[in-house]
C-alpha cells in the first residue's frame, strides 16, 4: 500500500462464543500492538484463543468488547464494506489448510484478491499487468512452473507457498498467518518459515499464529496467550532483523 | 470478475447441477410443443371455419330477407369505413335434404346457404375445403391428383368424373322411366316410345356437351342433370315447376361430407368414409318459402351435387349445404318487385304482367322505344324464348338476401368492426356477429385447455425449481469454506450473492435454451416423431380421421417461446436466491472453520 505503514493495536479485546446456553470466553482482555515491520508469533495451547485473536486483528470477526485500531483509527466497528476493503488491501491471510479455491488454477487463485478488488472492466483492462505480477510472485515463491496447475495437483508445501503468493499479490501491510506450517513436515516447514522471514526482511509485517514454541522462535517477538490473556513476562525482547 | 470466473468454473465442474435443470429443459420443451400444437390446431381450425363462414355475418331476422343486398353492403361499408375488404350477400335457410341410397330414401336436416361463388371466394377460402381441389392422400402418399387445378376459380361446374356420373344417372333414370311408361300406359306405346326417344336425344346432346366442351357454362348442362331428376317426380311430387331464368343456374350444391357419407370398415380393418351421393348425382332439398303470413309453406328444389366439402369441423360438415344463390332465391320466392328502382333497362330482371307469358320472369336484353325485349327463362324448356312487351307491363325485380358475409381487412379488430356495424344495423331487424361468436364455446374450450396445460406445465417447471433449490443448497454447503476464503480476501456479501445468482441465471438460461431448442426441433419433426411412435407402439397416435388433419398442425409463436423461456429462467433464479442469500450471510470465521 502506498500509505505509511501503521501499527496495529488490539485494545482490551474480549470475545466470547456461545455454545447453546453457555458462553465460552475465548479472549478476556487482550492488549497487543503489532509494529510495522515486525515478525510476531502468537503461541499458546490449542483453544487459548490465538486464532480468534488473529481473526479479530484481520477483521474477519469483531470483538465483543475492546477495539482494533490501525494507527489511530478504530477499524473493528466500520461498516462491512469498508472492512471488506481493508481485508482486501491491508491484510494478507495464510491459513493452516491453505484454502486455495479448488476450481481455479494457481495463477487464478493468486489473482483472486485483485479480481475482488477491481471491477470487471478495470480488471480486464489491466489483466496482463496483473497476470505478469501474479506469475512473478509465483516465481518468487518457487512455483513459476506450475501456473496452470490446480491445487489438487500440488503438494502441501507448494499449496502453502501458493497461498502466501495470493496473500502477497494485494501488497498488504500485514500478513496474518494462522498455523502456516501446521500441516507440513520438517523440511517443507522450514522452507515456508524461511519464506516468511525473507518477506519480513523486505519490510512486511508478519503475525504468525502457532502452537509450536520452536517455530515461534523464528519470530522477532513471541506473544504467548494463556486462557484468553497475553502472558506478559514471556514476551521476548525485540529482535529486529538486520 | 471473480464472480464470473467462479460461476463459470462451477458450471463446468458441477454437472449434477445440470441434472437439476433437465426438468426445466423438459418443461420448457413440453410447453413449447403444447403451445405450438394448440396454436396450430386453433389456427387451422379458424382458417377452416373462416373458409366456410366469414369474419363477420350480418343476418336479417325475417324469412323474406332484405330486398336490396347492394344497399346493405353499402350501409356496412359506410358504417365501418376502411375495415371491410369484401362482402357477399347470401341466403341462409334451414332445409331438409333427401336422397335415395340403395332404394332407401334418406332425409337429413341441413343448413342451406345460397352463395355466389365469385363473391364467396373473396370472403373466405372455401376452395381449400372442397374435395375436388385436394389431392387424395393415403398413408402420406398422393394416390390421386386433385381433380381441379388450384387456380381454377370457384364455380358450379362439374368435374369430368362428376359429369360421367351425372350422365350415367341420367341414363339409368331414363331406363326406369321407360319401363314405368311401358307398364303404365295401356295404349301408350307410342307416347312411351316418344318419351324414350326424347330422353335419348337429350342424353346424347348432354353427352356431346360434356365431352366436347370442358369449360362449359353450367347452365347449359344443368337442365339435363336435373330436369329428369327422379326426385322431382317421385320424392317430391309437390315440387312446383319453377321457371328457369336467363343467366341463372339450376340447383348446384356443395355438400358437407358427413351429410352424405358413412364410415365403412374395409377388409384390412381400416375405416374409410364412403360417399352415399357422389358429385354429379342429384338430391332434393325442401326448404321454406319466403313471405306469406300464414304457416310456412315448403318449397322443394332438385339440385346436383357439384362438390363435397370437408372443413374438419363436424358441426359444419354434418349440417351445411352450399347452393347457388340464384336458384335458392327463385325457389324460395325471393324475387320481389323492386320498390326503389322501377326503370326497365337492359340486364334487369323483370316479371311480365301481361300477354301469354304473364307471371313469367325473364331478363331484358334490349329496349325498343316503349317496348322491351325480354328473354324468358323456362325451366322445362331449354329453348330460350324472347318476347317483346310494353315496358309498363314489365315489373322490375330485385333479389332478396337474408345474410351478408363480410371479410375484414387484415389487422382490423373484429370487436370494433362488429360494434360499428351494430350501430348501423338495428338489433330489431339484424343480428351482427363474428364467426367466433358462433364458435364461442369451442374456441373457449380450446383456449381453456391451452391455459390449463400451460398452468400444469409451468407447475412442473416450478417443481423443477425446487430441485434446483436443493442442489444449490448442497453446492453452497459444499462451498462454505471457499466462501469463507473469498470473504477473507475481501469479497463482500453482494459479491458472494451474485456468484450464486449468476450461477442460477446461467443454469436457467442453459436449461431454458436447451428446452427451446429441444422444443422447436420436436415441433419441427413432430410428424416424424408421431410416425415413429406409431411404428413402435403399433397404434396410430394421431389419427387423421379423428382430427381431420392429415398432419399435426403446429404454429410457433415467438412471443410464447420467449415468455416460456423467460419464465423458466425466472424460476431458476428464484430457486437460487435462497441458497445464494445463505451463502452471502455466512460468517467468514465460521465458514473457514467449516469441516
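Counting starts with 1 at the first residue shown.
From the backbone N, Cα and C atoms, a Cβ is placed for every residue, glycine too.
TrEMBL annotations: computationally assigned, not manually curated.
What you are looking at is a predicted structure, and each value in this text was computed from that prediction instead of being measured.
Look at TrEMBL and you will find B:193-215 tagged as compositional bias 'Low complexity'.
Each residue of the domain 'MacB-like periplasmic core' (B:19-119) gets a DSSP state, and the totals for helix, strand and coil are 48 helix, 36 strand, 17 coil. Residues or ranges marked as domain 'MacB-like periplasmic core' by TrEMBL: B:19-119.
When the domain 'ABC3 transporter permease C-terminal' (B:455-587) is classified with DSSP, helix, strand and coil residues number 109 helix, 0 strand, 24 coil. The domain 'ABC3 transporter permease C-terminal' annotation in TrEMBL covers B:455-587.
If you look up TrEMBL, you'll see B:193-217 marked as region 'Disordered'.
Per TrEMBL, transmembrane segment is recorded for B:15-41 (among others).
For B:455-476 (among others), the entry in TrEMBL reads transmembrane segment.
Taken from TrEMBL, the feature transmembrane segment applies to B:497-526 (among others).
Feature annotation from TrEMBL assigns transmembrane segment to B:560-578 (among others). Residues 21, 24, 27-28, 31-32, 35-36, 39, 458, 461-462, 464-466, 468-469, 472-473, 500-501, 503-505, 507-509, 511-513, 515-516, 519-520 of the same chain lie 6 or more positions beyond the ends of the transmembrane segment (B:560-578) yet place their CB under 8 Å from a CB of it.
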Overall pLDDT for the domain 'ABC3 transporter permease C-terminal' (B:455-587), taken as the rounded mean: 85
Positions whose Cβ lies under 8 angstroms from the transmembrane segment (B:455-476), at least six residues beyond its ends: 10, 14, 16-17, 19-21, 23-24, 26-28, 30-31, 34, 483, 500, 503-504, 507, 567-568, 571-572, 574-576, 578-580, 582-583
